[in-house]
Amino acid sequence: MENTIVLASNNSGKIAEFQSLFAPLSYRIVPQSNWRIDDVCETGLSFVENALLKARHAAKISGLPAIADDSGLMVTALNGAPSIYSARYAGGHGDDVANNANLLKEMELIDDRRAMFVSVIVYCRHDEDPLPLIATGTWTGEILRAPRGDRGFGYDPLFWLPELGKSAAELTLAEKNQISHRGKALRAFCALFQEN
């Protein structure tokens, strides 16, 4: 399986974004589900810690290099919440509708709508890699008062981009990859990867 990197995610949206962004490279991104790897418990207190847990877990079980992303939404008026808890902000893991509804409820009486998506990407050559590659990216915007658009996933329908006059869920995947936190982090990662 030369030139194969395991993506430590079972999130179909993330898988599509990673495969699209890695298409020009000579590496094949394969989701961890191909090895029947379940999501690891995210017990870290930061995006870096959680991404590292995911990458090490996937590398250990698959025996291949692994890449992981931990990302989330940080809202200024909520002291950075939901942050590392973005996927389970409403309680259950990965319930986008419930998470968005919870965020709208929390923001109902708040005028300061500033927010930022954060992505941390970690690449482990093997599960005990002492020097994993780490790259980050951020994307600033504002929280809408109601969802807009039907593309993307997570908080995309609520993430307003004033300079474009669109929500993240109104962007094509190609447009999103050019400006998103994950796109920026992956480009930074690719530069690191080619140096190492």
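Positions of Cβ are set from backbone N, Cα and C atoms, glycine also.
Annotations in TrEMBL come from automatic prediction, not curation.
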Task: Same-site substrate binder from S62, S71, given that TrEMBL records S9, N10, N11, S12, G13, K14, F153, G154, Y155, D156, K176, H181, R182 - done: S71
Open item on the list: Under 8 Å between C-beta atoms and at least six apart in sequence, can you list the same-chain neighbours of S71 (substrate binding site), or say none if there are none?
Closed with: F47, S86, F117, V118, S119, V120, H181, R182
Open item on the list: Just to confirm: which same-chain residues, 6+ apart in sequence, have a Cβ under 8 Å from the Cβ of G13 (substrate binding site)?
Closed with: G152, F153, G154
Task: Neighbourhood of D70 (active site, proton acceptor), C-beta criterion under 8 angstroms, separation at least six - done: E42, G44, F47, V48, N50, A51, K54, I84, S119, V120, V122
Open item on the list: I'd like the Cβ neighbour count for N11 (substrate binding site), meaning other Cβ atoms within 10 Å of its Cβ, all protein chains included.
Closed with: 18
